[in-house]
Amino acid sequence: MSNSYDSSSIKVLKGLDAVRKRPGMYIGDTDDGTGLHHMVFEVVDNAIDEALAGHCKEIIVTIHADNSVSVQDDGRGIPTGIHPEEGVSAAEVIMTVLHAGGKFDDNSYKVSGGLHGVGVSVVNALSQKLELVIQREGKIHRQIYEHGVPQAPLAVTGETEKTGTMVRFWPSLETFTNVTEFEYEILAKRLRELSFLNSGVSIRLRDKRDGKEDHFHYEGGIKAFVEYLNKNKTPIHPNIFYFSTEKDGIGVEVALQWNDGFQENIYCFTNNIPQRDGGTHLAGFRAAMTRTLNAYMDKEGYSKKAKVSATGDDAREGLIAVVSVKVPDPKFSSQTKDKLVSSEVKSAVEQQMNELLAEYLLENPTDAKIVVGKIIDAARAREAARRAREMTRRKGALDLAGLPGKLADCQERDPALSELYLVEGDSAGGSAKQGRNRKNQAILPLKGKILNVEKARFDKMLSSQEVATLITALGCGIGRDEYNPDKLRYHSIIIMTDADVDGSHIRTLLLTFFYRQMPEIVERGHVYIAQPPLYKVKKGKQEQYIKDDEAMDQYQISIALDGATLHTNASAPALAGEALEKLVSEYNATQKMINRMERRYPKAMLKELIYQPTLTEADLSDEQTVTRWVNALVSELNDKEQHGSQWKFDVHTNAEQNLFEPIVRVRTHGVDTDYPLDHEFITGGEYRRICTLGEKLRGLLEEDAFIERGERRQPVASFEQALDWLVKESRRGLSIQRYKGLGEMNPEQLWETTMDPESRRMLRVTVKDAIAADQLFTTLMGDAVEPRRAFIEENALKAANIDI
């Protein structure tokens with residue numbers, strides 16, 4: 001047995017070594033975050049396959065504070081018996097052998113979303129640590145892996161009545177570079193899609209870093225998906241067109257509804273995997289739709305009456321659709337599966353769409369009439385826009401080189417090296433024109449607010465002077481017939497507005513324009529937001545620009561520490577220079593972390609934890625130690641309480657892990673709230689940082705401690721007090737000017753702070769979650785008032801430093 005065990009483990013490592021050498025082949029880019037998030041989806045896909053087979057109801061995905069992710073499901077649990085060929089547990093085979101699992105035995109899973117049949121073993125190979133917990137047949141099994149190597153065989157650690165699998169992994173920082181932190185939005189987008197595509201599965205996403213949580217649970221499948229996508233828009237007909245059929249082994253499911261907007265949004269999926277670039281299913285859908293609608297309009301006499309002929313683009317204006325196909329052996333144009341190329345899918349989708357859409361139009365004449373009316377309006381608007389463009393072109397022939405008069409162009413002709421600044425107002429535009437580098441920086445001042453394109457029809461948009469100027473300057477045209485992102489004249493478009501409410505509004509209007517009319521420009525990373533400094537600080541004759549509030553805090557502390565000494569008692573050597581600076585920066589970093597945690601735990605408790613002895617993981621096994629520790633914490637909190645709250649405690653027995661976990665209970669205005677300081681909290685990175693600071697501060701200051709700066713000294717009882725006094729002292733003789741408008745700076749200052757490539761700061765505009773972005777633009781910029789009011793009520797308290 002031992003011989004075969006050795007040889008099989010060597011074979012396994014060879015397989016996983018290949019993954020470590022070429023991780024991109026298995027999970028995508030390891031540099032830009034796509035591969036990192038793909039790791040989560042590989043594990044989630046296994047749970048979804050359990051759900052599709054009817055064994056799993058709930059999946060919980062948690063981003064932990066130490067940047068690990070766990071995926072827990074209540075399925076059958078991975079088999080734990082010994083595998084006949086490999087001689088180790090089946091779970092270990094699944095975790096360590098490529099192309100192992102139930103996907104290849106056609107009886108286990110019919111259609112599977114598991115992406116490349118490599119799944120969880122790849123996640124294991126690319127994780128510095130992975131924890132596997134299986135609940136199955138009344139027992140809890142646990143195993144730990146490091147870089148894909150099991151540290152011990154699968155072991156039974158307890159008993160349970162539940163079933164399911166939990167995989168928690170810490171991504172290897174040797175593999176993943178640049179982007180190493182999980183982004184909530186990217187995970188939320190995919191999990192939301194999965195919950196729609198797998199009707200009835202409940203998926204929870206929790207972020208332990210800031211307490212954010214979402215529950216995705218939709219019964220109506222893709223019909224509910226279309227409802228969700230149309231949530232803040234105004235659908236023009238009540239009945240969603242929906243069908244789900246299967247023919248020759250290909251399942252086709254389509255849901256669609258028109259709204260009163262002008263954007264077309266079609267989302268395509270194959271076996272639950274999204275195709276960003278569409279493919280044969282999208283081609284079949286579009287062809288059938290145009291043909292069926294045109295045939296209906298001809299037959300019912302609409303086209304003749306309206307004297308227009310509609311195109312496919314007119315038919316898809318304001319359309320929201322989801323096309324989901326289930327194909328046993330799909331073919332894609334590349335490993336990333338962004339485009340489906342299986343030719344048999346086109347005819348399958350086209351055939352079903354032709355038949356069933358024609359049926360729907362005949363059975364719902366009211367809906368059909370409304371939809372046809374919208375299509376005719378779109379065709380007329382297209383004609384009007386074409387005429388408007390021709391007018392513009394004729395005028396343009398008289399204009400020099402066809403560029404707007406306000407544009408101060410640059411000498412550079414290579415778009416990759418050219419920058420266009422969109423500047424708010426003529427006064428700032430004047431300063432920017434004087435301060436710029438003429439070689440590669442062009443300036444276009446925009447007067448007033450540009451049109452809100454979310455609410456405007458295409459022909460109205462073209463007649464807006466500011467929008468027309470902007471389109472001409474960019475040079476890539478607009479509208480379906482003319483728009484060509486490759487003709488963009490500047491590869492850096494920099495939005496430069498004031499730091500007040502009007503500036504924010506203009507920036508939002510411009511972003512709406514780019515996102516709705518020229519999405520590729522945003523996707524290719526050509527749009528930036530300039531970050532002019534917020535403050536100018538003057539001390540004596542020295543002047544300094546400061547970018548934001550965080551930098552301002554740092555600046556004040558660096559001045560405060562200049563010449564400061566902290567005496568921990570009357571006779572001890574003073575703490576000064578680098579040692580004091582290190583302690584202050586660690587204290588500030590921990591305070592910032594505590595402020596972020598405040599939404600999940602009471603701030604008073606977190607601050608008190610700094611001064612309490614450290615509770616270790618080993619301590620959690622001893623009930624007496626835990627009780628003593630939490631009792632001391634609660635006593636201190638009650639002694640220092642100033643707002644009338646009452647603090648109590650409890651100890652929770654965690655039978656599954658044989659642990660005792662403290663619970664802090666606070667009663668405010670007669671209402672009790674529990675804050676469990678469980679195993680995860682005690683072993684997490686946040687508590688570790690609190691304890692590290694605590695070890696340095698506990699007992700640091702004695703009764704006669706004082707802080708000294710220059711000639712002045714102050715007795716202090718706590719480190720916090722000492723820091724507050726220092727910052728107040730540092731403000732003497734300091735004049736702080738807060739900039740609101742770009743016009744407040746002269747051309748030299750504007751160049752130095754905002755336009756000089758050596759010293760400026762810019763934010764690149766990216767879109768992580770297209771559906772969430774679409775909803776946000778609709779909520780904030782659309783016609784409906786209610787969703788906007790709800791958004792403001794929900795987020796008002798999170799806004800800080802609003803300049804009105």
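Using the three backbone atoms N, Cα and C, a Cβ is placed for every residue, glycine included.
The ATP binding site feature in Swiss-Prot is assigned to TYR5, ASP73, GLY102, LYS103, TYR109, LEU115, HIS116, GLY117, VAL118, GLY119, VAL120, GLN335, THR336, LYS337; the stated evidence is experimental evidence. DSSP gives LYS337 (site 'Transition state stabilizer') a coil state; it is part of no helix or strand.
Its Cβ placed at the centre, ASN46 (ADP binding site) has 28 other Cβ atoms within 10 Å. According to Swiss-Prot, the feature ADP binding site maps to ASN46, an assignment based on experimental evidence.
Feature annotation from Swiss-Prot assigns K(+) binding site to ILE94, VAL97, ALA100, GLY117, SER121; the stated evidence is experimental evidence. The Cβ neighbour count for ILE94 (K(+) binding site), using a 10 Å radius and every protein chain shown, is 21. In the three-state DSSP reading, ILE94 (K(+) binding site) counts as helix.
Among the features that Swiss-Prot reports, Na(+) binding site is placed at LYS103, ASP105, with the record citing experimental evidence.
The Mg(2+) 1 binding site feature in Swiss-Prot is assigned to GLU424, ASP498; the stated evidence is sequence analysis. Reduced to three states, the DSSP call for ASP498 (Mg(2+) 1 binding site) is coil. Counting every protein chain shown, 22 other Cβ atoms lie within 10 Å of the Cβ of ASP498 (Mg(2+) 1 binding site).
Other Cβ atoms within 10 Å of the Cβ of ASP500 (Mg(2+) 2 binding site) number 15 in total over all chains. What Swiss-Prot lists as Mg(2+) 2 binding site is ASP498, ASP500, and the listing cites sequence analysis.
As annotated by Swiss-Prot, region 'ATPase domain' applies to 2-220. The average pLDDT computed over the region 'ATPase domain' (2-220) stands at 80.
According to Swiss-Prot, the feature site 'Transition state stabilizer' maps to LYS337.
Annotated site 'Interaction with DNA' per Swiss-Prot: LYS449 (among others), in sequence order. Of all Cβ atoms in the shown protein chains, 14 besides its own fall within 10 Å of the Cβ of LYS449 (site 'Interaction with DNA').
In the three-state DSSP classification, ASN452 (site 'Interaction with DNA') falls within coil. The feature site 'Interaction with DNA' is assigned by Swiss-Prot to ASN452 (among others), with sequence analysis given as support.
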Candidate with sparsest Cβ neighbourhood (10 Å radius) among VAL97, SER121, LYS337, GLU424, ASN452, the listed recorded positions: ASN452
Recorded positions near ASN46 (ADP binding site), in sequence order, restricted to VAL120, LYS337, GLU424, ASP498, ASP500 and a 10 Å Cα cut-off: VAL120
Inter-residue Cα distance where the pair is SER121 (K(+) binding site) and GLU424 (Mg(2+) 1 binding site), in Å: 53
Rounded distance in angstrom between the Cα atoms of VAL97 (K(+) binding site) and VAL120 (ATP binding site): 9
